[in-house]
Amino acid sequence: MLIGTVVAPLGLILASFNTALWQLYLTQGILTGIGGAFVFSPSLTLPPQWFSKNRAFACGIAVSGSGIGGVALSPMTQRLIATMGYRMALRILGAMIFGILLIATALARSRYRPPPSSNGGGLGALFDKSMMSISFVLLSIFAFLVPFGYIAPFFLAPTYASYIGQDAQAGSTLVSILSGMNAICRISLGYFADRLGNMNTMFAATFLSGIFTMVIWQFSTTYAGFVAYCVLCKCLSLYIKNIYLYTNMDDGVDGLTCGAFVSLFPVVAAEVVGVEQIQRAIGLTYGFSFFGNLVGTPIIGILQSNYGWTSAIQFGGSMTVGASLFMLALRYRIKPKIWAKK
């Protein structure tokens, strides 16, 4: 985490001195992205290690901070750019993020160290044979598919708001609304997951998020209707992240449902591989999710540019629904009963 604390804000500050687009890719894109990964992934493994009762609720509270931050950062960044220019805005954000991450890193404590790998040291330690099972494969496929659909609404919200006749300010306001709902729903999803089962909640949240995208977003032709979709979707499920692992830096548009991925994924991973192996499991499954994070939004963007919003929306929703079916299969494999708390 300490490496990420230095590298992530450094990328933002260096980006403020860029004079060419390729430099922006290297600094704010690659450098800040790598730094964020060094902070984000390890931090997700910590809350599940310290709680056995109400674990999902605790994880939801922990990850709700990113939603709260999103409420402030979106309008603050827009204000900084308008008053000081984007270069100074990047420097101020970099300094602020460095201070926050420094405090978080100083307070972070791990309860368990990963057990020795059955594959020895080096890269083989990550692919520990003791973790490999059909259940882990199902979890990994879920992690691979989810980002193809759940991130896109967050990044495309301002574009869609413009498409239905709103200005950039409305798009920024929408992101803030979504981030706020994201924080609330990550906590509430964790609460319900402890009572209904982590995998049950994750499946329901992911499935409903996909259906809401394919149906409600598809027919949202007004700003009010689109806001309703964003809030409902975000709070119901896709923030699959909570459940999935505690399971991306993405606080977005699918309000009720989207919170599940971030807050619940770590909890589900702990159930599949055990708390002692959660650091390896999260690292590996996040590696699989990299592909969806990298190409999911560009694919949807290409579909939207070439074929219109219907193709883009239906692709994102169908990928999310497809991912939910693998979570359902995982739940049934671990506890093969139709009605079971798991």
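Cβ coordinates come from backbone N, Cα and C, glycine included.
All annotation found in TrEMBL is predicted automatically rather than curated by experts.
As annotated in TrEMBL, transmembrane segment covers the listed stretch 168-189 rather than the other ranges in 168-189, 234-255. Mean pLDDT across the domain 'Major facilitator superfamily (MFS) profile' (1-335) comes to 78 in this model.
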